[in-house]
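Reading through the C-alpha cells given below for one structure.
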Amino acid sequence: TNLVEKSNADFPSGDPRMYQLDVTLRRGQNLAARDRGGTSDPYVKFKLGGKEVFRSKTIHKNLNPVWEEKACILIDNTREPLYIKVFDYDFGLQDDFIGSAFLDLTSLELNRQTHITLSLKDSHYPDHDLGNIVLSVLLAPREEQREGTMLMRKSWKRSSKVTKNYDVLPNMPSRTGNLWHRIYCPSNCVLMTLFCVSSNQNHETGFQTQSLRLSDLHRKSQLWRGIVSITLIEGRELKAMDANGLSDPYVKFRLGHQKYKSKIMPKTLNPQWREQFDFHLYEERGGIIDITVWDKDAGKKDDFIGRCQVDLSNLSKEHTHKLEMPLEEGEGCLVLLVTLTASAAVTISDLSVNSLDDQKEREEILKRYSPMAMFHNMKDVGFLQVKVIRAEALMAADVTGKDSFSKSDPFCVVELNNDRLLTHTVYKNLNPEWNKVFTFNIKDIHSVLEVTVYDEDRDRSADFLGKVAIPLLSIQNGEQKAYVLKNKQLTGPTKGVIYLEIDVIFNAVKASIRTLMPKEQKYIEEENRLSKQLLVRNFIRTKRCIMVLINAAYYISSCFDWDSPPRSLTAFLLFLFVVWNFELYMIPLALLLLLAWNYFLIISGKDNRQHDMVVEDMLEDEEEEDDRDDKDSEKKGFMNRLYAIQEVCVSVQNILDEVASLGERIKNTFNWTVPFLSCLAIVALFMFTIILYFIPLRYIVLVWGISKFTKKLRNPYAIDNNELLDFLSRVPSDVQLMQYHELKPDPSHSPSKRKKNNPG
C-alpha cells in the first residue's frame, strides 16, 4: 500500500521540459498522538528542493483527518523527490513533528492519476508506527496543460512588499520610441514599470526591446549630490500626552523616500536623544525634511505631538547649523545640528570605463587612502568598486503564458548601508549580462555589500530572484567570482549564480578609529513582529551562552572537589601563584594570551570553530514562518487582538537576541572570526597591559573621571557612545555568520578567475 511501482515513463537526465504536478491531499490514517489528551492537531507541508511549496490547514483533535486539499506544483527536475512532513500544531509552542515521507516523481506514469498511500517515518524512531498519508497525484508535461493555468513554485516567486511612497525616475526611451516609466522605491528596492505604447507601434515589439545601456537621465537620477547630516540633540517642553502628565516621545524624519526613526525616551517632556542620521541629497536646490514627533503608546495608536520642517535650500554648505525648531500643531521645540556636505565619489559606468583600470585614477585613489592621509577626512575610510558582470540560470518568474513561462526580466540592486544603485533591466532572459561598474565611498569597513536580483513586472511590485551578502573584509581584490544566490533571509540557496568582481581599498588607521564609533543607522525598516520561531531561536542562543558560564562554574567546582587530583593540584598551585603576584595589568594580559592561543590553534590546523547547524536549522524554520506570515498578513488573527501581549513578547524576543548576540560576538572576537578586529583587540589589550603595568590605578581612574565629567563642557553636543560596545557591534554574531556564509557554486558555473595587483 505504500510504495509506487516503477513505471515505464521515460525521464532522461537532461530533460529540459517543465512538468506540472497536481496533488490532492486526501486524508491521514492512524496518525501518532502528540498531545496529552491522546490526540493531535495535524497539518501537512510539501517541500521541493528544500523549499516549502504547500501547507495544509490544521485539523484539530483528530488522528484520522480528512483534508481534500489540492495543490499545483511546477516541476523542473523530476529526479528531485517531493518531501512530505506532518506536524502537530501547538499554540504558542514549537509544533511537534509527527512523521515524514518521500514521493519519488520518477516512479509516476505521465498523464495518469495515481492514488498513493505513504507510511510516515521518523529517523529517530525507525520502528514506530506513525500512521499514513493518502494522496492522489497527476504528473503531466507543462506543454500539455490547459491554457491559462497559473503555476508558481513558492520559492520561485517571492514578491517584495509594495509601499505607498514611490520616487519616479526619469522616463527611459527605448529604441522603438516607446516610453518606460520606471518607479523605484530604494527603501524597499521595488521597481515598477508602466509601459506606454505609441499609437503606431506594436505592443509586443515594444515589450521585447531591451535597454542594454543606462541613459544619462537614469544614471544621474540615482546619484546623490550631497550628504545631509542631522544630529537630534534634545526636545524642550514637549506636550504631555499621557495621564501621568508626561510623554514617551520619539521623532520621525523624512526626506523623499529616506526615513529615520529615533529611539524612544520614556516618561519625559525634555528628552535628550543625541542621535545622528545621514540623508542623501538628490536635488541641486536642496529639499525639505519633514519632522514629526510622536508619543509611544503600548496597545494603541501612537499620539501625535507636533511637526516641523527644515528647508535645506536656506542652509549654506560645509557649515554646521544649530536650529531650534518650534513644533507646529503642538508645544515645545526640537534642537538640531544640520550639516550639508558635498557628495562622495559614487558613480555608475559601463565595464569599459572604470576607475581602477585607469592607472592615473588608481594612483590617486591609493594616495587618498595611504597611511600618510590617515588624519584627512576621518569619515572617508575607503573606496569600493563593484563590477556586476552577469548572472546565469536564474529563476523563471514569468509563468503565466505559454511563450513566457520560462523567462524573467532581471535587474540588479547594489546596496552598501544606505547607498543603493541599480542596473538596467535585461528583458526575457535567464542569463542576463549587465556589465556595469559601481563605485562607493566606504564609511565603515565592517559594512556588508548586498547584491539583490529582481524580476521586473509591469503591473505589480518586482519579484525577488536571489540575493548575496558579502562582508567587505572578506573580499579578494580583482577576482571575478561566481556567488550562489540565496533566499531573502540568506539562510539557503535559491536558483542561479551571479558573477561579480570587487575591489576594496581602505585606510587601516581610519577603519580602526571608525570601529570605536557608533554604527550608521539604516533607513526605517519594518517593525519587529512576534515570531514563534525567532523567540525560540533567541532563547536557545541565550541558553547556549549561559551554559558556557555554567559549565565553567562546574569545572571550577570540580577542582574544589578534587574529582581529578592532578587537575585540582595544578589549579591550586596556579591560584596561589596568581593571587600572590596579582597585578591589574594581568587581566588584559590574560585576554591577550587567550587571543594568541586561539590564533596558534587556527594556524596549526586545530581550529575549534564549528559550523553552527543548530542556528541554520532554526533559520530555515523561521524563513518558512515568514513566508506564511507574508501570505496571511491581511488576515486579522487572534494575535492582532492581543497587541499589548505581543509587544511584550517582541521586547523579550529582542532582549534575548541582544544578550545572545553579545555573548556570540565576544566568543567570535577571541575565535579570530574577523582577523582585522582580533588584531585590533590585540593592539588595544597590549596598550592596556602596558598602561596598567607602568601607571598606578588611581591615576587611570582620575583621568577617566575627569574626562567623563568634562565631556559635555568640552563638547555640549557630543553623541554619547561606548567604545567597547561599538567595537563589539562590528563583530558578527553566529546568525550573521550563517547569513554571510558563501555557498559553493555548482562545478559547471566555475568562473574564469582574473587576478590583479592587490592594492591593499
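Cβ from N, Cα, C; glycine included.
Automated prediction, rather than curation, is the source of TrEMBL annotations.
Shown for the domain 'C2' (1-118): DSSP residue counts in helix, strand and coil, namely 3 helix, 53 strand, 62 coil. Annotated domain 'C2' per TrEMBL: 1-118 (among others), in sequence order.
What TrEMBL records for 208-325 (among others) is domain 'C2'.
Helix, strand and coil residue tallies for the domain 'C2' (359-485), in that order: 16 helix, 59 strand, 52 coil [DSSP]. The domain 'C2' annotation in TrEMBL covers 359-485 (among others).
According to TrEMBL, the transmembrane segment annotation covers 572-600 (among others). Long-range contacts of the transmembrane segment (572-600) within its own chain (CB-CB distance under 8 A, at least 6 residues past either end) are made by residues 559, 608, 670-672, 678, 681-682, 685-686, 688-693, 697.
Sequence annotations record features per position, and here TrEMBL assigns transmembrane segment to 674-695 (among others).
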Determine how many residues of the domain 'C2' (208-325) DSSP places in helix, in strand and in coil.
11 helix, 55 strand, 52 coil
